[in-house]
Amino acid sequence: MDTLLIKFGSYCTLVLLLILCTLQGDGKPMQHAAEFKTLQEMGTANHLDNPRIQQRNIHKMRQQHGIEQEHKVADKRAPGSILKKLHMPGIISFFLKHLEEYVFGGTDLKCDACKVGVSVVQVMFATNKSETEIVSVLIELCIKFKIETEKVCRSVIPEFKNEVLTVIDKVALSPKEICGLVLGGSCATPFDPLANWTVPLPDTPKPPVVQPRDPQPGAPKLQVLQLSDIHFDPQYMHKGNADCDEPLCCRKNSVGKKFRPAGFWGDYNNCDTPLWTLENMFKHLTNQKFDYILWTGDLPPHDVWNQSRADQVSKLDIIQRLFLKYFPDTPVFPALGNHESSPVNSFPPPFITGNNSIHWLYGELAKTWSAWLPPDTMANINKGGYFTLLIKKGLRLVSMNMNYCNTGNLWLYLNMTDPAGELEWLVQVLQAAEDNKEKVHIIGHIPPGTESCLKAWSWNYYRIINRYESTVVAQFFGHTHKDSFELFYDLEDKTRVTNMAYVSPSVTTYSFINPGYRVYEIDGEYENTSWTVLDHSTYILNLTESNLSNKTHWDLEYSAKAAYGLSNLLPPSWNKFVSRMTTNDTLFQVYYRYYYKSAPGHPPCTGNCKAAMLCDLKTGRSYDQTFCHAEEILAKSVHKEVPLC
C-alpha cells in the first residue's frame, strides 16, 4: 500500500512541477498570514468570472499589505540567484543535487520537490526558454529521477500541458501558494482571497429539529443499490504482470523488474476491474430487486497518462449499455466522478469556453443520463454536471458535481468562489424542499470531509447541511475506494451530531482491496415516512477464493446493524458507535477489516493509526479536526487518504 501511495504522490508531484514551471512569479514563501479584505469588499464581486481582473485585485491586495516585499526579504535561502548562473546542461544535476538535500534530509517529498522544481524553472524563464524546452526538461527530470517509467513520463506531461499552461497564464497565485493548496497546509499556508467565501443562506428561520419516527410495523421499504468507483479496464489481461513499475498493471504491456501473474477475476495489486468481472457482477445483481440504483462515479481505469476524450466517452457508453442490458426497467441516478474527464480531474467552470470548455463531457453526460433522467434536469447537467429530481412523492434526490471542490481540479485556482453556482443552487433546492415538506437524499463522488475537497467549498457545504439537517436525511459518496462514513456536528453545540455521509466501497480492486457494492434498506413510501436509511449490507467478491476456484463468490460481507450493534442508522447512533470504538478495540478491528473489504495483507492499525481513523469519521468538513478533538482524538491524521490523481 505504501508503495502505491508513494507512486501516486510522485505522479501528483510530476504534474505539479509542470504547473509550477510556468509560474512567472518569484516563488518565494510568505512568512506571515495577514488579514485581507475580501474581493467583495474591494468591489469586485461582479468580476468573479474574470481571472485577469481577479489577478490585478489580488496583486493590489498584496501590495497594500506589503506581502511581495516581504517575499523578497524573508527568503534569503532561495536558490534563485544560483539558478540564474546555470545553463541548460546544469539543470538536471542541479535538480538532483538539491532534491537530495531537501528530500533525503527527512522532509516531505512532494512539497520539497515542488520547491526545487520551481527553482529549476526560474532559470528557464530568466533565459526565455520556450514551452517546448520546459516540457522537454521536465520529461528528462521525470526519467532521470525515475519518478515514473519512461513511457509514462513521455505521455503524462504532454497530456496535461494544454490545461496547465492555460491555467498558469491567468492564475493569480504564487508557486508557494499553489503548493499549499494542492498538497495541503503541511506544505505551505496559501494566500488566496478567492478561497475565502460564503454562500448566503435564506432569512427563513431554521425549523425545530425533530428526530425521525421509527418505521411502522410492516411499512414498505426501498432496496437501493450503490455502485461506486467501477474503474473497469478493457485492457486487463489474465496472467499479465500484476507487479509492474507503472501506476496501473495487469495489462499486456505491463513491465517491471518483478513479475507476478494477474488473477483471472482481478488482482490485489495496482490493477483495475476486468470487463468480464464487471459483467459477472451485473449478472449476479439481477438476482436482487432494486427500486433504483445510485451510480456515484469513476468509470475509466487508472491509466491517467494515456487517456483522451474519445476514450472517456467510450467507457461511458459501455457502462450505459450494461445498465440497460441488465436493469432495463430500473431507474439509475448518476453522479460525476473525477476520472470521467480528460485529463483526469479537469473540470473547468462555465466561464472557461472554447476548446478548453468541459461542454464536450457534460453534453455526453446529458445524452447518456437522459436514459433515466427527465428533460428538466438537462439544463443543469449541461451547465455544471449536477441535477435534482423527485424520485417519489416527498423524496427528492440531488446529484452534486463534487469536482467543483476537487483539489486536483487545476481550473479552480483561477476562481474558487462557488464554481458554476452549485452551492447557491443547492441552497435554493433545499429551501424549496423544506417549504414543500420533502426529504432529500444527496449523492456525489468526493466526500466533503476528505482533503481532496477544497476547504472553503467543504465548509460552505457543511454549513448548508447543518441548516437543512431536517430535510437532508441521507448522503451517499464514494471516491476513496474504502468503506467508511463522515459525521456532521452542530457548529454551536459541538457535541450534537446533525447528519452523516456514507462513503461506499469501490467495485475496483485498486488497490489491495476486494471488489464490492452496497445495498441500502430505506424507509419506504407511506404517510409520514422518514425516508431514512434503516440498514445497509455490503457485498464483496473474495478474489482469493474466486481466482483459486475460477468461480466468482459474491458474498454478504456484513450488515451494519448486526455487525456494529446499532439500534438504528440515524446519525446519533453512528456517533455513539465511534465513541464505542475508542474504548472497544475488538469493535474497531471489525470496522478496520470492513474498511478494506476484508482484503488480506493490510498492516495492523493501533495507536496513532486508530486515533486518526476515528478522527476521520468525525470530520465531515475538510482540513478541520474541531470535532474529533471533542473525543480527545488528538493524533495527527496520518491515515488520511492520498487523492487518487
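In case you wondered, yes, glycine gets a Cβ from its N, Cα and C as well.
Among the candidates H284, H359, H479, the one that TrEMBL lists alongside D298, N338, H445 as binding Zn(2+) 2 is H479. Of the listed cysteines C244, C250, TrEMBL assigns the disulfide bond with C271 to C250. Per TrEMBL, the candidate among H441, H481, H536 that belongs to the Zn(2+) 1 site alongside D229, H231, D298 is H481.
Looking up C179 in TrEMBL gives a disulphide bond to a cysteine among C114, C244, C249, identified as C114. For C111, the partner cysteine in a disulfide bond according to TrEMBL, taken from C142, C153, C187, is C187. Averaged over the domain 'Saposin B-type' (107-191), the predicted model has a pLDDT of 75. Cβ environment of C244 (disulfide bond): C250, R251, S254, V255, G256, N270 lie under 8 Å away, each six or more residues apart in the same chain. For the recorded positions C187, D229, C271, D298, C453, C609, a Cα-Cα cutoff of 10 angstroms around H479 (Zn(2+) 2 binding site) retains D229, D298. Same-chain residues at least 6 positions away in sequence with a Cβ under 8 Å from that of C271 (disulfide bond) are, in sequence order, D233, Y236, A242, L248, C249, C250, A262, T509, Y510, S511. C114 (disulfide bond) has N338 as its nearest neighbour among the binding-site residues D229, H231, D298, N338, H481, going by CA to CA distance. Checked against D298 (Zn(2+) 1 binding site) by C-alpha proximity, the recorded positions C142, C153, C179, H445, C609 yield H445 as the nearest. DSSP classifies C453 (disulfide bond) as strand under the three-state reduction. Around C153 (disulfide bond), taking its Cβ as the centre, 22 other Cβ atoms fall within 10 Å, counting all chains.
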